[in-house]
Amino acid sequence: MSARTVKLAVIPGDGIGPEVVAEGLKVLSAVAPRHGLTLDTTEYELGAQRWHATGEVLPDAVEEELRQHDAILLGAVGDPTVPSGVLERGLLLRLRFNFSHYVNLRPVRLYPGVTTPLAGVAPEDIDMLVVREGTEGPYAGMGGVLRKGTPHEIATQDSVNTRLGVERVVRYAFAKAAERPCHKLTLVHKDNVLTYAGELWQRVVREVGAEYPQVEVDYLHVDAATMFFVTQPRRFDVVVTDNLFGDIITDLGAAVAGGIGLAASGNINPEGDFPSMFEPVHGSAPDIAGQGKADPTATILSVSLMLEHLGYADAAAQIDQAVAEDLQERAKNGGVRSTTQIGDDIAQRVAEQG
């Protein structure tokens, strides 16, 4: 691509977030000049520290500033000193909803040299892309409580599924399936119980699928899908599912592909009306924060996803190759490296590529 300046908002966040983000930026800085890419980064202090100091999670003015960027790189959000849900809903979900991040993209890939808990599984057996709907379902926040504190208390949490919301994420998933060699898409839901939502998803997949005759389509109940993630991971190529089911099966996917320390994600607005946000899926791990023990690989792979989204597929491929080489080296030689050492090694591999 031609020379370009990318405005990148950086949210290190809580716990190990600042440490892993620093290594992601290190690798990004190593690959960017090779592709005519100039970085204009702005760091935002959003997370537990800000909440304790001001009582705010994401001020409106800061949200407006974030809106002006091309992409957002997030480290981790969460702290035991903050009530559960305050940071998650106030920052993560707010950005997903307000920036229309209706695609949550989660690659599930077993790299050579990485250990999986599954017996008899090779790297070529686990290479899938989970496309999770990101702005609807039970996460929409609709519901309520009646007769709270009484023996007759009732709590409801509604799952919202709109035609618009389902169709746009299904279209994205079909487009991805059409690009990949296997040309296969699996819808995961629970339509035998969630009959109204399930029927909508099934109908939309059938209708959109008619536009992609080259893509093979199948369906699995979510409980069956979890079983096949473990027993037959090779049957999956692109998986499309709703917000809740996607949240669950992607963590299972991370586990079978070597652990959550290698799991990258993108919260994507495909049209580019808002900046997409990229983050490792692991938590803030406050128990090891500041000790140099955190593996930054998931953040580095999230940077790769970001570059691919921005149109720099070659740069993304260079990072993927460097990570794959580093993981093979780990398997061969073992040893313990610090967070910064892993970042240094991967950045050096990127710089040395021809």
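Cβ atoms are placed via backbone N, Cα and C, with glycine included.
What Swiss-Prot records for this protein:
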BINDING   Arg96, Arg106, Arg132, Asp223  substrate binding site
BINDING   Asp223, Asp247, Asp251  Mg(2+) binding site
BINDING   Gly283, Ser284, Ala285, Pro286, Asp287, Ile288, Ala289, Gly290, Gln291, Gly292, Lys293, Ala294, Asp295  NAD(+) binding site
SITE      Tyr139  site 'Important for catalysis'
SITE      Lys190  site 'Important for catalysis'
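Remark: of the recorded positions Lys190, Lys293, the most isolated position is Lys293 (fewest other Cβ atoms within 10 Å of its Cβ).
In the three-state DSSP reading, Asp295 (NAD(+) binding site) counts as coil.
A count of other CB atoms within 10 A of each Cβ picks out Asp247 as the most crowded of the binding-site residues Asp223, Asp247, Asp287. In this structure, the C-alpha atom of Tyr139 (site 'Important for catalysis') lies 10 angstrom from that of Asp247 (Mg(2+) binding site). Here the Cβ of Asp251 (Mg(2+) binding site) has 13 other Cβ atoms within 10 Å, regardless of which shown protein chain they belong to. Cα of Lys190 (site 'Important for catalysis') to Cα of Asp223 (substrate binding site): a span of 8 Å. Rounded to a whole number, the C-alpha distance linking Arg106 (substrate binding site) with Asp287 (NAD(+) binding site) is 26 angstrom. Long-range Cβ proximity for Arg132 (substrate binding site), meaning a same-chain Cβ under 8 A and a gap of 6 or more residues, is found for Val103, Asn104, Leu105, Arg106, Val169, Val240, Thr241, Asp242, Asn243, Phe245, Gly246, Asp247, Thr250.
For Arg106 (substrate binding site), the number of other Cβ atoms no farther than 10 Å from its own Cβ, over all displayed protein chains, is 23. Of all Cα pairs drawn from Gly283, Ser284, Ala285, Pro286, Asp287, Ile288, Ala289, Gly290, Gln291, Gly292, Lys293, Ala294, Asp295, which the record names as binding NAD(+), the longest spans 16 Å.
Residues Val222, Thr226, Leu244, Phe245, Gly246, Ile248, Ile249, Thr250, Leu252 surround the recorded Mg(2+) site, their Cβ atoms falling within 8 Å of the Cβ centroid of Asp223, Asp247, Asp251, which are themselves excluded. If you draw a 10 Å sphere around the CB of Ala289 (NAD(+) binding site), it holds 18 other CB atoms from the protein chains shown.
Considering only the residues assigned to substrate binding, Arg96, Arg106, Arg132, Asp223, the longest pairwise Cα distance works out to 27 Å. Every protein chain shown contributes to the tally, and the Cβ of Arg96 (substrate binding site) ends up with 19 other Cβ atoms within 10 Å.
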